[in-house]
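Report on the structure given below.
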Amino acid sequence: MALARPGTPDPQALASVLLLLLWAPALSLLAGTVPSEPPSACASDPCAPGTECQATESGGYTCGPMEPRGCATQPCHHGALCVPQGPDPTGFRCYCVPGFQGPRCELDIDECASRPCHHGATCRNLADRYECHCPLGYAGVTCEMEVDECASAPCLHGGSCLDGVGSFRCVCAPGYGGTRCQLDLDECQSQPCAHGGTCHDLVNGFRCDCAGTGYEGTHCEREVLECASAPCEHNASCLEGLGSFRCLCWPGYSGELCEVDEDECASSPCQHGGRCLQRSDPALYGGVQAAFPGAFSFRHAAGFLCHCPPGFEGADCGVEVDECASRPCLNGGHCQDLPNGFQCHCPDGYAGPTCEEDVDECLSDPCLHGGTCSDTVAGYICRCPETWGGRDCSVQLTGCQGHTCPLAATCIPIFESGVHSYVCHCPPGTHGPFCGQNTTFSVMAGSPIQASVPAGGPLGLALRFRTTLPAGTLATRNDTKESLELALVAATLQATLWSYSTTVLVLRLPDLALNDGHWHQVEVVLHLATLELRLWHEGCPARLCVASGPVALASTASATPLPAGISSAQLGDATFAGCLQDVRVDGHLLLPEDLGENVLLGCERREQCRPLPCVHGGSCVDLWTHFRCDCARPHRGPTCADEIPAATFGLGGAPSSASFLLQELPGPNLTVSFLLRTRESAGLLLQFANDSAAGLTVFLSEGRIRAEVPGSPAVVLPGRWDDGLRHLVMLSFGPDQLQDLGQHVHVGGRLLAADSQPWGGPFRGCLQDLRLDGCHLPFFPLPLDNSSQPSELGGRQSWNLTAGCVSEDMCSPDPCFNGGTCLVTWNDFHCTCPANFTGPTCAQQLWCPGQPCLPPATCEEVPDGFVCVAEATFREGPPAAFSGHNASSGRLLGGLSLAFRTRDSEAWLLRAAAGALEGVWLAVRNGSLAGGVRGGHGLPGAVLPIPGPRVADGAWHRVRLAMERPAATTSRWLLWLDGAATPVALRGLASDLGFLQGPGAVRILLAENFTGCLGRVALGGLPLPLARPRPGAAPGAREHFASWPGTPAPILGCRGAPVCAPSPCLHDGACRDLFDAFACACGPGWEGPRCEAHVDPCHSAPCARGRCHTHPDGRFECRCPPGFGGPRCRLPVPSKECSLNVTCLDGSPCEGGSPAANCSCLEGLAGQRCQVPTLPCEANPCLNGGTCRAAGGVSECICNARFSGQFCEVAKGLPLPLPFPLLEVAVPAACACLLLLLLGLLSGILAARKRRQSEGTYSPSQQEVAGARLEMDSVLKVPPEERLI
């Protein structure tokens, strides 16, 4: 018997029921009309159990299967359909109507059991439905909607409605009240108007009418003041009275309200035509041409001022003026007084009404041969080129012809008093008429050079120097009053001026180091109470650095006077060593032969640091005559060749220590430094102590260096120091940090190991180059060397120290497994592992070098095994199933990652569930990413907010889902998509994914109802094996996640449908595969998903004006109307008018009117404005093969032998047109034509006769037209063979 789908009636059973229903009335009717018959043969129930007796017409019976009658008792309730069910005849099945259930449909389904009604509504269970009785303020089928009582706008007069649950509240506009703001409030009810004012009610206010009360204000509260309206004019003062007022006027004003401005100019007080100005006129104050200074004031408005004509002055213009009294003539001009004026007689070189103009004599360009003119008073100076001289550069200089200057010098020609000569401009370090004197000399440290110079010159020092020392005095100049010094301080230049032993000014150029061994030119000079320091250097702006400052020199002398007329100078000092040249003191050159002692001529020296003498990374310092090596610790010695020996503490586990007894205590500022190398995280490094207590203690704790002083907080140095590398440790302490240090210094531990335990126990490792304030505390005796090295400090005692930094033998016993080779790496070891093994001790086997995975899968190492990782393609097939029953249940599964691409809008990516309490899933819902985690502990779980990001686009997407706090029992879960920096938090809390591993692990399903590709899928960092190992590959020690038995292998590789084979793109469009979708790159002129639509670029009306024209390649062109231009005819173009904006160059005429005027260019010109000159033959005017030749700016045609004329337009041999009447030419021409026609007819007859005679033979000559070329015959065709002749 076929099984019916649950909830669907059996068709055969339904048919039986219908037959019963139709035949039952008929049988009843027959039963009532047919007469009773004798008892049936079946009355004795002769048939066997399970069968039914049927009487026959002959009075017998037959036994057959029993008819079903299980529904006869109507066992189904509530209108359910009863259908008999076999094989039991009494069997039946009830098909319930909606709303009921149970074997007999006796149970009414309570639709209210799921509590569908919200907000406290009452649920009423009905047949196959429910009904929610909503509380006040809610509506909807499930009372999910809150009723907005404000929707009907119940609040009047602009009131704001605040919706509540089942109610509303009106916030009324000012001036209204009531539950619905329907009441206009009467603000006059409180009688706000005082002093009998009348109140008028307004909306949200009132107005007091104070007329007739004598008061004013909002409430008629202020008495009216008559002066408040400022009735007095011209800033007069108003005196308040009882119902009246009085104005006090300023002088010059009158009237009851001071409204009258008295006219002081009415009597014409100004003489000689002077202009009278009233002081009461405000327009005469302020501005550029104001008659009165300052601002207008009524206090000074009385009176007048006379503006006198030229030549007069005084209060009333009664005094005549002497114009020369003010000395108006400038620059020594003589003033001559004139009536109402003056005249200046100017000296030479000046001009102008007041001789204020300096006559520029250079305006006449007096300088010749390119000379530059500089104007002077009543003259000029010409700066001539090198080969010219004289006042006007008119004389060619010949003085350097045959000069005897040396090659390094420059000859400068001179022309003076009509005589040609020259001078030699010497290079640095030389002097003399022919640069024969050497000015270069060397200065040694401690041997300064003394010199005397004549007094009276400008106070200054100038020289060139070179040195490698950073400090020292270059030169000093002294006399009875002032002293000037030029020195190097920290390798930079400094100048100091003293006056009577008092420092007046110090100038510095701090930005350039000058101890580089190169020559540098410097100068310091005092001029016009300003001291200026100059340095010529490439690093300066414009190659010159300047520092200057004002100087105020003392007037009294206190220094010991030197001999009259002599100043002294000193070159060098106790520290400076180098070379000087071109030294000038107060402008006087100091030559080496005049200096006396300590002078070494020339500047010869060897660079001290080449080749580099310092080893072990030491830095070489060139000290001019010798060198110094600044050694990197722990190296020492003149060339850093020696190393301060290190000491190994605790070698072999034996406690070690060293103690020092200081001869004297360190100063208030203490610096402790040493080199440290260790792999131990704890141990005592150094401790100051006295006989009773410990002072400063430096020790290792948890790999960090700590320094402790009693009574002060500990100092912890950042970072870890126990990495086995050598580190320089330097600690500095101030006077307020250290009190009583003690004279004993314990290093590496105390004599008794137990005494070191509070600070981590005895130290194990290496210490080297221990210093206190730069002084050594050596663990072993140091060899004697030069005094530049740090000195030793204190006595020494040591126990179990090993010289050098010696490592423990970490390879004994051998820690490497599987044949690894052990190498000692200072208190550590390194195992070189053979193939297929890795790890610190080669204990971890590598599986992937054996290539256990077949392409396209790749092998990925996992703990105790490997996984074949690959991309896989799924096509709505069965999902890939995996199990983590072999995975360690102790491993934390705090997240998963998955890569996929699909265009499905509904699909499962990953799904696993352990009952209803634990599970994880990722899916695509409506084209967006969805997911969630249920982690037990009675929590509802965490769900990704919807809608999630869109992912059904065919592109690869990478999802990472992880716990925010993996170590916690429950945590938020975070999701990263495609490497986003900010994750999305799932709503809710859940625990980890431990239910996916261990013996009770659940099945993990991938790609269920999914079409697309999966990439790497990992749980807790362990990938799932989408690909299987190659046959015969050795399995790993543990298979963490395995394929579920019976799961078919997926299709490896990501392969989309062949959407571009054949290409769906029309009209030569290029198909682009987008994974289960395609896109067409259409050619010009086509568009649409398949390039099926012809592009009309003019359809969108791109042209703002004019007409749009389509090109065959799909482009459009806007053809603009007059007055507009641009690609889309948007730009207004001014009309072209010959008299307005069209200018034709070189005399070419402008033709045409607005808007299209243009230029008609003359011969030889071209361009829009005839601005381009053309070559005469550029247009080639010659005809009939003539050659154009340009001659004198015009073209000339050279014709061949058959033509002539200006343009070769006339053919030679043809009669020229004659100046005869037309008839005299036409008649002879007609006769000639008739004669030619007759001759042609005769020739044709003869040719026909000749052709007939040649029939039956082939003669190529017969195919030719007599007297003509072969290709000119347009009637007869040449046979192919004839073309070869």
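For all residues, glycine too, the Cβ spot is worked out from N, Cα and C.
What Swiss-Prot says about this one:
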- 67-106: domain 'EGF-like 1' (DOMAIN)
- 108-144: domain 'EGF-like 2' (DOMAIN)
- 146-182: domain 'EGF-like 3' (DOMAIN)
- 184-221: domain 'EGF-like 4' (DOMAIN)
- 223-259: domain 'EGF-like 5' (DOMAIN)
- 320-356: domain 'EGF-like 7' (DOMAIN)
- 396-436: domain 'EGF-like 9' (DOMAIN)
- 431-603: domain 'Laminin G-like 1' (DOMAIN)
- 605-641: domain 'EGF-like 10' (DOMAIN)
- 807-843: domain 'EGF-like 11' (DOMAIN)
- 871-1054: domain 'Laminin G-like 3' (DOMAIN)
- 1094-1130: domain 'EGF-like 13' (DOMAIN)
- 1-350: region 'Required for maximum inhibition of APP amyloid-beta peptide secretion' (REGION)
- 1249-1285: region 'Interaction with EPB41L5' (REGION)
- 1-28: signal peptide (SIGNAL)
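Counting only same-chain residues 6+ beyond the ends of the domain 'EGF-like 3' (146-182), those with a CB under 8 A from a CB of the stretch are 119, 135-139, 202-205. Taken together, the residues in the domain 'EGF-like 13' (1094-1130) have a mean pLDDT of 84 on the 0 to 100 scale. Outside the domain 'EGF-like 4' (184-221) by six or more residues, the chain places 157, 173-177 with a CB less than 8 A from a CB of the stretch.
Counting same-chain residues at least six beyond the ends of the domain 'EGF-like 7' (320-356), those with a Cβ under 8 angstroms from any Cβ of the stretch are 309-313, 377-379. With DSSP classes pooled into helix, strand and coil, the tally for the domain 'EGF-like 13' (1094-1130) is 0 helix, 11 strand, 26 coil.
Taken residue by residue, the domain 'EGF-like 4' (184-221) breaks down under DSSP into 4 helix, 13 strand, 21 coil.
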